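This report refers to the structure that appears directly beneath it.
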């Protein structure tokens with residue numbers, strides 16, 4: 001999957017009101033940081049009240065990602081989520097806690113659900129075992145991106161994936177991510193994080209179609 005990452009196009013602060021985004025944008029909304037990025041097509045991202053957002057996409061969009069969360073993130077946050085994840089098993093999509101750090105430059109995902117493609121299959125990656133958090137098992141894989149887009153321009157960097165097994169289903173979903181458990185396990189495998197940049201609970205789609213309406217807290 002081609003992974004984003006948000007490029008600053010416009011940064012605004014919003015009051016309690018719905019706003020539909022058609023173009024790449026980052027900012028703050030009702031106490032939450034948000035990011036919306038796409039590389040093409042008609043995907044839209046709707047800012048709702050509080051930590052709620054909605055995403056709607058079709059196959060006209062090659063790759064998109066959007067979500068709400070925090071900037072900067074941290075290593076000890078417990079993230080709660082609920083709502084509707086409207087894809088099917090044939091759609092290439094992730095529902096995940098997603099973020100970046102610098103020094104080292106790391107892109108990380110805690111994948112709660114996904115469609116047709118699991119990041120555990122990333123080419124050239126290394127399996128880093130599994131652990132239990134919140135009553136669920138997460139399999140961990142480190143992947144490598146070379147000369148790829150990042151939050152500091154085109155770079156080469158590692159990606160860390162914790163993938164929930166079994167994954168959450170489609171339709172109505174809810175759960176929580178104790179991020180500290182992931183950070184501690186990654187560190188035990190020699191996978192450190194750096195200084196946190198943004199950290200969002202995101203929906204991502206790649207050459208697929210779907211709808212998501214998610215509330216983050």
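From the backbone N, Cα and C atoms, a Cβ is placed for every residue, glycine too.
Feature list (source: Swiss-Prot):
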type     : residues : note
SIGNAL   : 1-17     : signal peptide
DOMAIN   : 20-217   : domain 'GH11'
CARBOHYD : 56       : N-linked glycosylation site
CARBOHYD : 80       : N-linked glycosylation site
ACT_SITE : 107      : active site, nucleophile
ACT_SITE : 204      : active site, proton donor
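For residue 80 (N-linked glycosylation site), the spatially nearest entry among the recorded positions 56, 107, 204 is 204, judged by CA separation. Counting only the Cα atoms, the space from residue 204 (active site, proton donor) to the residue listed as 'active site, nucleophile' is about 14 angstrom. Each of the active-site residues 107, 204 was scored by other CB atoms within 10 A of its CB, and the lowest score goes to 107.
Per-residue confidence over the domain 'GH11' (20-217) averages out at a pLDDT of 98. All protein chains shown were included, and the count of other CB atoms within 10 Å of the CB of residue 56 (N-linked glycosylation site) stands at 20.
The residue listed as 'active site, nucleophile' sits 24 Å from residue 56 (N-linked glycosylation site), taking the C-alpha atoms as the reference points.
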